């Protein structure tokens with residue numbers, strides 16, 4: 001086990017011991033004990049950054065876990081996992097610091113729960129990004145779903161929290177299961193390996209496999225549910241019931257990017273198919289547009305940010321789709337223009353984590369200090385909360401894509417990538433490609449609008465003290481540190497984007513698009529603010545002008561039908577679906593579990609007869625042999641005739657005495673048949689048993705009521721008749737076939753052994769009795785046991801009857 | 001001979017299955033009794049009904065009927081007798097507790 005394994009395991013170990021700190025040191029906020037951990041992890045992971053330039057060599061550490069199944073806990077560190085690892089631990093540190101001040105009232109809050117869940121999440125997330133083994137990745141993936149649900153339902157006494165947690169759990173876990181199935185297919189395609197890197201090395205042959213498309217769709221189902229892509233995004237707005245540090249950490253910076261990570265990680269495999277490109281681009285663009293339009297109609301600040309996150313994730317997803325086009329070109333100098341998309345995706349991933357994290361924290365501060373997040377109540381906070389205002393302004397400007405913040409740069413790159421995509425001459429892009437920049441532009445307009453709206457309605461206008469329950473003032477400094485750090489990063493990355501270029505972005509691009517560059521030769525990333533007057537700049541100017549116009553006419557827009565309701569219309573599909581699932585399964589159960597014995601007997605009869613007859617005819621097993629049927633003596637005909645007459649009369653008579661007489665007659669006639677068929681012991685036993693049985697029934701006769709009349713409804717009677725005749729036919733046909741087989745095949749019965757050895761080995765003349773007590777004595781022993789148990793049971797039933805009302 | 005016995009067994013089983021699907025508990029118990037009759041007859045028949053002496057070595061015959069299925073049936077008769085006796089007492093006790101022989105009335109609640 002290498003030291004790096006402990007990077008993944010450390011949060012789990014810490015989660016185990018943290019509650020002891022909580023109960024031992026009640027006076028100190030538990031968060032302080034936890035704060036050093038993500039910081040140390042961040043610094044340790046940062047040592048892997050290739051500061052000197054010259055690209056990054058991946059590092060692999062492996063520990064066997066279940067070697068017989070090919071499951072190894074393999075840690076794989078390359079540019080992509082490094083980027084995510086730094087995001088998780090870096091923002092984790094800031095979130096922990098922020099939460100210490102956010103959940104300050106430590107007497108009322110179960111802090112030990114909060115931090116244990118958070119640590120569990122952090123460890124699981126690190127496991128997802130550093131695992132090279134698909135099964136290990138899946139285990140950590142589900143752990144993130146679990147801990148995320150626990151965190152959403154942190155205030156579990158609130159109904160909405162439980163609803164949100166259940167929803168996110170159901171959606172992400174369904175996606176996770178689909179993903180597991182996809183992984184299993186990949187295992188089969190790749191020839192029994194779970195290692196992602198081994199799969200990438202044979203990606204060329206893997207895409208030839210017919211299973212690659214289902215595997216791709218299933219893996220994408222996992223990625224799309226996790227990363228809140230359309231139409232699976234509906235859980236994210238409801239997850240906003242979580243405490244704000246959780247929303248900032250899980251639902252903007254890390255967990256929702258797990259799907260992005262998975263897509264980026266598997267691009268070298270799936271990116272070789274055309275479907276991958278189109279699915280990612282279409283779903284990404286639809287999510288981008290839908291999210292940005294939906295965000296405008298929200299009145300809750302966290303609701304706006306949730307839909308904004310959905311939209312930005314769609315943007316990154318579509319960029320990753322466009323980036324996969326680069327894999328289809330063999331000339332290195334040509335693909336520089338296609339890899340712009342990959343660069344934009346990675347860069348925007350970083351940017352989004354910084355500005356969205358800071359915005360969530362700012363919203364949390366506003367909520368914390370004013371007691372509301374409703375934009376209809378807020379207003380005029382600019383002078384009252386100047387620091388929060390500054391942070392929000394930076395974050396919102398970056399989100400809207402304004403210079404000089406980092407959002408501007410990634411938006412320009414996004415436009416460049418989408419314009420490039422329109423000019424590819426693959427995948428029918430020359431005809432359909434124009435859609436991509438159009439969608440991108442529309443979505444950018446709405447992004448600008450909701451950013452503007454958040455800014456205008458929260459910070460400008462008149463300050464109305466009556467709207468708030470508490471005295472509104474600036475937040476304490478402890479709460480402000482984390483958003484200030486993130487806001488500074490927004491500016492820093494905006495002004496000096498190239499400090500990320502060879503340290504983070506280039507290695508990450510190399511992981512997404514391996515094999516495009518030869519060893520030692522890397523992608524060359526250089527991000528400028530000023531490219532001269534080009535199409536992208538004109539598009540941005542158009543976004544700003546058009547966005548301003550929309551934002552100013554916004555009050556009129558709210559009258560339109562779509563913008564009146566806050567809830568996403570897709571929620572109705574989810575809610576009705578879930579309700580119907582319960583209702584319909586209840587209906588099915590009710591229809592089939594009737595509580596009537598005869599219905600269950602009917603089902604069994606149908607299945608026995610159906611399956612049996614089907615098998616008989618399907619496999620041509622039916623055979624009838626009429627050999628040696630002559631010479632049946634007349635008395636056999638007579639006995640059989642009477643037996644059958646008694647039997648057939650049974651269902652038609654209703655009196656219990658008649659029934660009993662018929663039953664007794666059948667029993668005695670069977671005994672007579674045993675005599676005819678030369679089975680003296682059987683005849684004797686049958687006679688005795690039948691007599692005892694009739695006596696037994698007669699004994700209880702006086703206490704039994706008149707037998708219930710059968711209903712005369714034709715349908716139920718004929719159904720019973722059909723099923724019983726079918727079962728009888730099946731039994732008869734099977735018996736006939738067995739007989740035919742037996743007389744056809746040359747079978748020596750083992751009974752010859754008993755005939756020869758009864759006297760010599762067992763010293764008995766009655767072969768049946770010798771078999772019963774000597775050759776197969778164990779059967780008899782257990783049969784005696786059965787009789788004993790039956791007798792005991794009867795005694796128990798009669799003697800130990802409960803009088804009712806007692807507990808069993 | 002075998003064909004006749006197989007048909008007899010088949011008819012007994014048909015009637016037994018029909019009785020199992022009726023409303024009266026007593027009839028259901030009768031159905032179980034009939035079912036075991038049918039099965040016993042079929043076991044004996046399917047082992048073959050060759051002409052031969054009863055399986056007693058004192059007969060000094062050239063051929064005997066197969067003793068093995070007879071031993072099996074003997075065991076089966078005793079076991080089905082035990083089960084039937086138990087069921088009869090159960091039906092008796094059910095009737096005593098609920099004063100009904102009607103399975104329709106003895107149904108559990110619909111929600112269960």
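Cβ atoms here come from the backbone N, Cα and C positions, even for glycine.
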Correct range for transmembrane segment (source TrEMBL, candidates A:303-329, A:573-599): A:303-329
TrEMBL annotation (transmembrane segment) - matching range among A:660-677, A:750-767: A:660-677
Helix, strand and coil residues within the domain 'MrpA C-terminal/MbhE' (A:722-803) as assigned by DSSP: 67 helix, 1 strand, 14 coil
Secondary structure content of the domain 'NADH-Ubiquinone oxidoreductase (complex I) chain 5 N-terminal' (A:68-115), with strand meaning DSSP E or B: 31 helix, 7 strand, 10 coil
Folded-back contacts onto the transmembrane segment (A:303-329), same chain, C-beta under 8 angstroms, at least six residues removed: 227-230, 233, 236-237, 239-240, 247, 251-252, 256-257, 259-260, 263-264, 267-268, 270-272, 276-281, 283-292, 294-295, 335, 338-339, 341-342, 344-345, 348-349, 352, 356, 359-360, 363, 375, 399, 414, 417-418, 420-421, 424, 426-427, 436, 440, 443, 446-447, 450-451, 453-454, 512-513, 516, 566
Mean per-residue pLDDT computed across the domain 'MrpA C-terminal/MbhD' (A:642-706): 87
Other parts of the chain folded back onto the transmembrane segment (A:378-402), taken as Cβ under 8 Å at six or more residues beyond its ends: 301, 308, 312, 351, 354-356, 358-359, 361-362, 365-366, 369-370, 372, 408, 410-412, 444, 447-448, 451-452, 454-455, 457-464, 467, 472-475, 480, 483-484, 486-487, 490-491, 494, 540, 543-544, 547
Counts of helix, strand and coil residues, the domain 'MrpA C-terminal/MbhD' (A:642-706), according to DSSP: 51 helix, 0 strand, 14 coil
